[in-house]
Every structure is written in C-alpha cells, then in structure tokens.
Amino acid sequence: MAGCGEVSHSANMLPTNKKLVEPCPNSAPSLSVPECAICLQTCVHPVSLPCKHIFCYLCVKGASWLGRRCALCRQEIPEDFLDKPTLLSPEELKSASRGNGEYAWYYEGRNGWWQYDERTSRELEDAFTKGKKSTEMLIAGFLYVADLENMVQYRRNEHGRRRKIKRDIVDIPKKGVAGLRLECDAANVNLARESSADGADNMAALGASSSQPTPVLPTRLHTSLSTTASHALSHSDVTSSLENSFAQLQIGDPVIGRNNIGEGEEGQPLINARMPAPSALLEESEPSDSNDHGSPTLQHNSLLVPQSNRLPFGNP
C-alpha cells in the first residue's frame, strides 16, 4: 500500500503542465512503414490489394505472374491491378522521381529509361562506390546480376537477355520508377500487362507490329496448255486449231513467268519477257498421243518440217 501511495504521490507532485505521456499536438502522427510478407522487408512503394493486404509493388508483380493471387489469402488479383495499382503513398513516388540532385540508377526500357526503386538504387550505388565489378539484385522475385563494368543487367539463370543500365542524376527525364509510371505518362499507359519483371514495356513492340496492315499478295492464274490444246485441235480444220493454240499461249506459261519473277512479285505483270519461237510453242501444244487424231495430225506435223527439208512445189 505504501508503494502505491508513493507512486501516486510522486505522480501528483509533477507540475500540472507536464504529464507522463503527453502527445505533441503539433506533430503529425508517425506512420510506420508496413512490412512485406513476400520479401520480408519494409515495403518499397507499398500497394494495397482488394483484400486489404499490403505488399511491395514489385513483389505483387512477381507473385501475380505465378498464380495471380494474394500471397496470404489467395484471393484473386484483378487483371488491371498492375496497370492501376492502389498506392498507399503516391507522394513517395513523386519524391523518388524528383530527388535532391543526387545520383540514381536506371535500366533501359522501350523508348526511355526506368529508374530503379530506392532500395535497389542504394545497393547499386554502394557496390559502385566500393569498386565492385558486379552485384546481385532481387527484383520481383527474380535474381538479377548487374555487371558494373559493361553496365548491363541480366538474370542469373538467363545470361542471353541483357538490358543496359546507367548511373545518372535523378532529375533526368524518365518513364517512371520501378515499373510505376509517372502521372505525365498515365494517359499513354498500355492496358496490356508488361512482360518484363523489372517493368520494361516489351509489349509495345507487339502492339506496333499488330497495327501495321498485312500485305496480301495476288495469285496468278495458271493455265494448263496440254489439256486446253488437246481439246482445241479439230479434225476438220488444222488452221483454226493453231489459232486457238496461239490464243492460249499468249496468256503466259507459268514456267517462263516463274523464272523472271522474284520473291513476292507473283502478281506483277511481266516486263520484257522473252517468248519462245512459234515452232517450239507448237511442239509444246502438240498432244503426246498422235494415234487418236489420225491423218490431220500428220498434216499438222508436216507444218513443223524445216524449210530446207521440204520438197519444192510441183515435185511429187
């Protein structure tokens, strides 16, 4: 009892303007930075999922590729969440993009540069000042290697895919920070999900290629000479059959045209194409089986005899 009385007495002896625990009315309440349950560190650019769980933006990005579900409650993540995330502190993104004149690290994207998040940028700067040749970074669940001699980055298990990096001041023009676009680029953001773990928009090339019209090449009409010429010959009139054969031959031989036409030019007209001699065309148009036509075929073959081998007129 005495102890309690002493404590009460000592507390009552304090001045009235001083208390044991007195919050400062003028100071803003300190907001503790939440911890990420994926990387087990303090959140960098924390985002809140529809299920109210909070993670780093890049951690959510990496986890969504595996199953597109929350890492804690397994609730489904919306399809457009990575393009329109719910940031807990948007002013933090603005301050990180502006900086105070110090240096920052960037990785190359399509049509611009992305700034690393603050934690990764500090790790790169620390390795650079210590003179290290390379360092490893954990970004969106993937382990990357930063080659500080050649200024490139690549995944540790995939050396073929490389991306340029650089060290520059914070105030240079940029696309965004850690895959989060700035407000100036919000109107131009593509709703398609970006396919790179570090925020590079590789899907823009697919959209540009799909917007270009695909040329349609016209097809040539191939004419079969053997079938047409065989039906064109008449037993009664050899002259008319020759005229019909020449009419069919003027359409064009696919073999001749194929030799003169280049790749992708099948629909263009032939220019300066050399036509074969009439005797050769007649030989090609002649049917292989001469037994079906009888004597008219023999008369037709006599027309193909060279002039030097013919007998003069009047000699039997």
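Positions of Cβ are set from backbone N, Cα and C atoms, glycine also.
What Swiss-Prot records for 36-74 is zinc finger, and it gives sequence analysis as the kind of evidence. Residue counts for the zinc finger (36-74) by DSSP state, with H, G and I taken as helix and E and B as strand, are 10 helix, 8 strand, 21 coil.
According to DSSP, the domain 'WWE' (91-167) comprises 20 helix, 37 strand, 20 coil. The domain 'WWE' feature in Swiss-Prot is assigned to 91-167.
Here Swiss-Prot flags Tyr107, Arg110, Trp114, Tyr144, Gln153, Arg163, Lys175 as glycoprotein binding site, drawing on similarity to another entry. Using a 10 Å radius centred on the Cβ of Lys175 (glycoprotein binding site) and all shown protein chains, the other Cβ atoms total 22.
Per Swiss-Prot, region 'Disordered' is recorded for 257-316.
The annotation compositional bias 'Polar residues' is assigned in Swiss-Prot to 293-310.
Counting only same-chain residues 6+ beyond the ends of the zinc finger (36-74), those with a CB under 8 A from a CB of the stretch are 81-82, 85-89, 92-93, 117-119, 138-142, 177-180, 197, 199. Averaged across the domain 'WWE' (91-167), pLDDT in this predicted model comes to 88.
Each of the binding-site residues Tyr107, Trp114, Tyr144 was scored by the number of other CB atoms within 10 A of its CB, and the lowest score belongs to Tyr144.
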